[in-house]
């Protein structure tokens with residue numbers, strides 16, 4: 001298809017001639033618009049974009065989106081002239097436009113009123129017009145009888161064949177179902193129950209006509225059923241009680257508030273048009289018509305002056321709303337309550353309850369209330385229009401009083417904020433003014449009672465004495481001798497009208513240098529004043545004294561005496577530091593020293609440094625060079641000095657007027673140094689970390705420890721010697737004494753039963769049962785606890801060995817302080833007659849071994865066999 005706009009307009013929008021039906025110009029009652037058929041068809045030529053249609057006479061005709069033309073109002077028949085309607089189609093996307101003409105002519109007389117013809121492209125065709133049903137109006141709340149017929153639907157085709165009619169849509173076959181029904185044979189549409197406009201205001205149904213085979217014979221027709229409103233609902237206020245406020249003293253016409261109500265009936269009809277009015281006002285003061293209401297909007301305004309909250313704080317109005325535009329005969333009404341609260345404005349100033357108030361206060365008291373000022377105010381309590389603010393307008397030039405407001409009682413509290421001296425002022429007369437927090441309303445002035453006079457009497461009290469000046473500064477040279485008078489430090493009594501005596505005492509004297517006379521206040525020294533004392537800070541020494549009067553009750557005051565001590569040359573200079581290190585070869589090391597002096601300049605530096613003349617090697621080995629007034633340098637005078645600790649006496653002299661000298665000793669540690677000049681030996685560490693006292697203490701501890709070790713060694717050697725003197729010098733395996741006890745044959749006759757032969761036996765071989773009780777044991781017996789093994793003797797001992805053993809035992813017994821007072825040889829001097837052991841005297845004879853028979857020893861066991869071999873065998 002060509003895109004030429006002129007061609008497209010000619011083809012797509014043809015000129016249409018519409019012939020109106022004969023009854024078109026006589027619309028039925030209540031019909032506002034009329035449907036004209038057929039519609040104006042628009043061929044979009046395959047365009048998919050939406051198209052909007054407009055006509056040049058919108059007041060008489062309107063065109064729907066589907067091309068249907070409606071009469072917007074009732075038209076007068078004009079058979080002589082045809083109506084020409086210009087129709088414009090606009091593309092919604094490209095805004096392209098097409099225009100065509102629609103000619104509308106009155107129809108000729110015909111027996112078929114619903115038939116019309118129109119001409120397209122100069123070709124006349126006759127077509128059947130679609131059936132149209134105008135909207136149906138049904139009053140709500142109809143009382144019937146039901147079902148109630150509304151309209152009958154007929155098709156032209158029912159003359160030639162049987163048709164069936166049906167209706168669809170909400171109210172028919174869709175919820176709410178059953179409201180509308182249609183007779184399928186006659187096409188009669190009826191309503192089946194009363195309608196409620198407030199529930200559903202209109203229904204849109206669609207009627208259908210089909211033959212007996214179910215084939216559609218007519219296009220579905222739309223049926224619009226409008227529910228006509230009836231006045232069946234009363235107005236309802238959105239709130240039953242309405243609250244509003246208006247300031248007191250408001251002028252007439254002041255807006256207060258708006259009340260509203262709603263009516264469920266149609267607001268476009270009189271059924272929903274409301275009107276308001278005020279039925280009553282309570283109280284009716286000062287008039288019964290203080291307010292009025294807009295009968296349409298419900299706005300309430302003041303209509304009269306004279307609103308006074310102090311007289312009438314609140315009004316109550318009964319408001320009525322009536323529909324039917326307020327018709328009292330036909331309209332429905334409802335009421336609500338409007339509560340109007342009159343808000344307070346500051347139209348009443350505060351007024352004092354009395355013209356004169358009085359109070360009293362003791363002198364030197366602060367933050368005390370001396371009088372309460374009461375006022376009255378008719379405004380609403382606890383509001384800015386009621387809260388009072390007090391101001392002193394006279395009688396307090398020094399600002400010693402203030403009048404804050406009590407937030408609870410609204411009273412003025414006259415308060416002392418600065419101390420008052422009875423000796424200066426005994427009475428005060430104040431003028432106090434009271435106002436509100438907010439200004440008074442326009443046109444209202446403060447009365448005379450808003451000002452009051454306050455008389456305040458001051459009472460005398462015993463005041464504390466005071467020192468003048470405080471602190472008191474005096475300058476003295478240090479070193480002042482005891483019992484020297486310094487100054488008189490007295491206090492003044494402010495009570496001029498009282499005769500009182502002041503006594504003085506000392507409160508603080510850190511160094512205990514001063515004394516004060518209790519009656520005169522004269523201060524003298526009791527010790528020498530020393531500026532270098534730790535109690536002196538920045539040359540100042542502070543002492544505190546107290547003055548006490550004899551009033552009732554007594555009052556006291558304190559004062560501080562500051563003594564500025566001037567320096568004198570009473571301190572000799574000293575060397576600092578007192579210890580230092582230097583290398584054996586001092587180059588390039590040296591010792592820098594500083595002179596310190598407790599005095600100040602000019603009694604201190606510059607200082608003079610020199611080495612003492614004694615000992616003689618000091619000046620030979622050392623040299624001192626002054627660097628500045630306070631510093632000097634000490635170094636080795638010789639090229640090498642052996643490592644050690646040296647004390648160098650240095651004489652330092654200050655620059656005082658009578659100079660003072662002092663010999664200080666510099667302790668120098670001479671040590672071997674590395675390439676960096678640092679000491680490398682252990683003595684460096686000891687000297688750096690330990691002092692002389694610590695080193696001496698360590699040496700004493702070491703000496704004591706060595707003495708204890710030596711004593712322990714001597715004691716151990718003596719104990720070992722005693723033990724060796726008491727033990728047999730034989731091998732325990734060769735000791736025959738082990739077998740003597742086991743075989744109970746060691747005893748002889750009865751004469752030897754008083755002796756204990758166990759002394760010849762090693763204690764290690766004793767059985768536990770063979771140990772004698774402690775009470776029977778001899779004092780010189782060996783202890784029974786285990787001891788070291790006895791020393792081995794030779795395999796063939798000489799008979800002299802036993803004698804040596806006995807002699808050693810004798811010596812041990814003689815030297816043992818615990819030995820009994822008898823000779824220990826008694827243990828061995830007599831074996832007893834008749835003893836199986838025989839006499840020990842045979843041990844001294846070298847030839848006795850062959851004269852005796854030792855074969856019986858073979859029967860005593862292995863150990864005795866060896867003894868038998870030693871003494872009973874042959875010489876080889």
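Glycine is no exception: its Cβ is also placed from the backbone N, Cα and C atoms.
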Looking at 701-722, 723-744, 745-766, which one does TrEMBL call region 'Disordered'?
-> 745-766
Between 833-852, 853-872, which stretch does TrEMBL give the note region 'Disordered'?
-> 833-852
Scan 685-716, 781-812 against TrEMBL and say which stretch is down as transmembrane segment.
-> 685-716
Residue counts for the domain 'Cadherin' (468-575) under DSSP, helix then strand then coil, are 0 helix, 50 strand, 58 coil
What is the number of residues in the domain 'Cadherin' (353-467) that are helix, strand and coil, as DSSP sees it?
-> 3 helix, 51 strand, 61 coil
